[in-house]
Structures are given as C-alpha cells and as structure tokens.
C-alpha cells in the first residue's frame with residue numbers, strides 16, 4: 001500500500017476526537033478503560049467458547065467469530081487514538097493510514113455479515129427447530145462465515161483501492177480520530193466522484209441488504225414468539241431478541257448515519273461523534289449482551305474456573 005507517484009503526501013495529521021486540551025486526559029482515561037474492558041470481555045468469550053464443548057454449536061460458532069472480530073476491530077484504531085490523546089502532534093504515515101483504513105473496513109463489514117448470520121441462525125432455531133441441525137450444519141455455518149469474510153475482503157479492497165488512486169497534494173489534516181473514508185476524500189485535490197459512488201454502493205449493499213435480512217428474520221421470529229402459549233417462554237425470547245436488536249440498531253444506525261450522507265465538513269463532524277458508537281460502544285457491549293443472562297456462558301465460565309484457566 002505504498003504511495004503512488006501521483007500522491008505527494010507522505011503522512012497525515014489526525015485532528016482527533018476533540019482539540020480541547022482540558023478533555024484530553026479524561027477522554028484518554030475513558031477510552032483506555034473501555035478498550036481494556038472490550039479486550040478482556042471479547043477475549044474471555046473466545047476462550048470460553050473454545051474450551052467448552054457444550055458451546056460448540058452454530059450460535060456460539062458465530063458468537064466466537066463476532067468476539068474475535070470485535071477484538072481485532074477495536075484494536076485497529078483505539079491504541080493509536082489513546083497515543084494521540086497524550087501527543088502534541090498526531091501523525092500517521094500514508095502507509096499506516098491506508099493499512100488502518102483497510103482493516104477498519106474489513107472488520108466493520110465482517111461484523112455486518114456475522115450479525116446477519118446470527119439473526120438467520122435465531123430465525124431457524126425459533127421458526128424451524130426440527131430442521132435446525134440440517135439447516136445450520138457445520139458446512140452451512142462455515143460457508144456463511146467464509147462468505148462474510150469474502151464480502152469484507154472485497155469491500156475493503158474497493159474502498160482502499162479507490163483511495164490509493166487519489167492525489168493528495170498539500171492538505172494532510174484528517175478531521176477524525178482515525179483514517180476514515182469521508183475525511184480522506186475531503187483532502188484529495190482530484191475528483192472524488194467515483195470514490196463517493198463506490199462508498200454509496202458498497203456501504204448501501206452492506207448496510208441496507210444486511211439490515212433488511214436481519215429485520216425480516218426478526219419479523220418471523222416475533223410472529224413465532226407471539227404464538228408461544230407460555231408467558232415465561234415469550235418473556236425469555238423477547239428479552240434475548242431485544243438485547244440483540246439494541247446492538248444491531250447502534251451498529252447499523254450509526255454506520256448508516258455516517259456513510260449514507262455527503263462528505264461535507266458538517267457531516268464529517270457529526271459522523272465523528274456518531275462513529276464512537278460503532279467503533280467503541282458496540283464492541284464493548286457485545287460481550288455483555290451475549291453473556292450476562294446466558295446460562296450456557298455462565299456454565300462454561302464455572303467449568304473453566306474449575307480447570308484453573310481463569
């Protein structure tokens with residue numbers, strides 16, 4: 001991902017989340033705690049699922065991948081952001097910027113499709129329980145994950161490849177806390193029409209198609225739940241679904257707000273605040289959403305503690 005001959009910029013300056021000096025230390029402390037909890041929470045889930053055979057089911061296979069993605073996803077930009085809170089000049093090289101952008105896109109798109117796969121898994125489990133083991137066989141689950149990573153790879157390549165062809169002349173100050181697509185487009189001294197079209201198409205497919213699939217799945221799930229005669233059964237099902245829907249709304253809603261708008265300075269400033277939700281809050285919340293009220297995870301934790309792992 002080296003700079004091309006048409007690119008005159010060798011490094012970028014990141015403005016950061018805010019330029020107010022009095023907020024740098026409090027924000028550093030806040031995001032450090034959030035990052036540590038995110039890493040520990042997702043690492044614990046990955047370890048628990050890997051060590052406990054009763055968690056080797058389709059639902060936890062997807063959760064394992066989701067936790068792995070969140071672990072990597074939050075590590076793409078949070079360490080650099082924490083360094084920038086304590087630095088006077090926040091510099092990132094051209095190669096470092098393009099690399100950060102690629103992995104950010106890869107893990108963000110991966111999460112979209114893993115969440116979609118999880119919604120489909122719940123749809124099959126609740127609406128077609130007798131066919132569950134056939135419809136969600138190991139081969140099907142592996143194919144869904146492979147498809148998720150392939151879509152992420154192609155989307156990340158499209159975005160990064162498009163930015164590599166742009167010319168960056170003198171302006172090198174990125175109005176963001178990491179190398180995001182829209183702030184970079186503002187710095188180009190050549191036309192960004194093709195890039196904006198790529199963003200609209202790729203992000204539109206990733207967000208709209210996956211969110212439609214998710215909400216259709218949950219529509220069928222809701223219909224099935226309403227036919228459950230047991231009040232306790234309905235309550236448990238609603239509780240599980242509501243937590244998942246909150247995480248989905250945060251991730252997809254903030255992503256759509258940021259990327260399905262123009263790249264004007266005002267929209268970038270708004271998007272910088274919104275991006276905190278899908279870059280920091282969602283990876284932090286997922287371990288709690290899927291473990292706090294989960295009896296299988298709690299059982300796995302007790303078994304793992306008896307082995308002396310934790």
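Placement of Cβ uses the backbone N, Cα and C atoms for every residue, glycine included.
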- Item | From 168-196, 197-225, the residue range that TrEMBL assigns the feature transmembrane segment | 197-225
- Task: With pairs restricted to those 6 or more apart in sequence, evaluate whether the transmembrane segment (140-158) and the transmembrane segment (275-293) have 3+ C-beta pairs under 8 Å.
- Result: no
